[in-house]
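Taken from TrEMBL as is:
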{"type": "BINDING", "residues": "73, 355, 397, 427", "note": "Mn(2+) binding site"}
{"type": "BINDING", "residues": "112, 269, 270, 292, 323", "note": "phosphoenolpyruvate binding site"}
Ligand SMILES: O=C[C@H](O)[C@H](O)COP(=O)(O)O
Ligand SMILES: C=C(OP(=O)(O)O)C(=O)O
């Protein structure tokens, strides 16, 4: 085996370990063909960009910056359109502007975008009217329609995921570097339905202040080029390991392995088994890694994850994304933060206030209360304040569209409204106005900190 072949094999060491939440592909030969084809495709991101994000996350871990990570619960192939992508980006840019200006902190912007096509599920099957079919696992695996054809896992979908991610990333790069993300566009990002909402009006006032600040800096001779582009990174859950490892490549500069399907990947709550395939895979790649930590996580689990994923204790390498639930975070988070801090590791602590706060409304819709989301973030800030550690950021499921999936918010959505525009393929997302509300409230919390 040549050195390179050995290193590449490093991306496949997970294969001998139990891998949770993998689809049961009916045709293994078809899967092998797809993997071989994916292996021949060009990278979606460059290793150097992953390194740059790792440095930015290092600043988050050191308490010098704040991470805003957000996007769809599950991206869908039929939503790879200019409007949807622009709306999501616009929401994140607006939230970023609010957090930077009102929170007075540099914001690292990372989308749950261009690869977030795979979902871990609580149950392997779904039953409707006495008919049982495989559960929907994301567009990368099967279709949402409740038919045997749609629900049968089809490996050709992994190629569609690659192409959908590629098209999305291409447009995101064009938007973020081609003028759309210019800070002078802060008003333009608000020119639609959201403008008339309470958060849209609050945003408009903030945008005017940003304008004045930019004019002042302009008058002082600051180079206006500096505000024309924005750094924006992609991330998704590294769930389907056949896909992730097919897109794992050796960096010609360093000989290290990178998963070039996205800048940052995370391991979910359901797949973070210490002796499982996902952690093994993540331990082999140099991308910045996130791990979701739910309420059952012990301090020992967290310390072992650090040992496995960040043995060099490199700030920015490992991000712990806690998702405890509003009622649990104040009890469960302190011990984790205390013991990890005492170990000398410098991880970034991020709050996902979505996944511990899901419930089913009487109408059958999965939903979340905006107030619970907010309360979990509050608890996160309180814990970090009491321990003198840094609340490093938020990880949210959101969309730029005017959906009715989560209840509450300044432009209140009621339980009875849920059916109106309930469009998610999996979990409920904050809509644009709720996302802006959250950004303003988090900015206040950050400033108070
Ligand atoms: O997004 C997270 C999970 O995939 C989702 O919460 C699982 O939902 P389920 O419990 O309906 O399977
Ligand atoms: C599945 C997800 O979250 P968790 O692993 O925290 O349940 C997710 O973020 O899409």
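A Cβ is built for glycine as well, from the same backbone N, Cα and C atoms used for every other residue.
Just so you know, TrEMBL annotations are computer predictions that nobody has curated.
Distribution of TrEMBL features across the structure.
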| residue | record | contacts (Cβ under 8 Å, 6+ apart) |
| --- | --- | --- |
| 73 | Mn(2+) binding site | 112, 116, 119, 397, 424, 425, 426, 427, 428, 429 |
| 269 | phosphoenolpyruvate binding site | 120, 292, 293, 294, 323, 355 |
| 270 | phosphoenolpyruvate binding site | 20, 21, 120 |
What binding-site residues among 112, 269, 292 have a C-beta sitting less than 6 Å from any atom of ligand 2?
269, 292
Quick one: which of the binding-site residues (73, 112, 269, 270, 292, 427) have their CB closer than 6 Å to ligand 1?
73, 427
How many neighbouring Cβ atoms, not counting its own, are there within 10 Å of the Cβ of residue 112 (phosphoenolpyruvate binding site)?
27
Can you tell me whether DSSP puts residue 270 (phosphoenolpyruvate binding site) in helix, strand or coil?
coil
Got a sec? Which of these binding-site residues, 397, 427, has the most Cβ atoms within 10 Å?
397
If you draw a 10 Å sphere on the Cβ of residue 323 (phosphoenolpyruvate binding site), how many other Cβ atoms land inside?
23
Would you count the other C-beta atoms found within 10 angstroms of the C-beta of residue 355 (Mn(2+) binding site) for me?
21
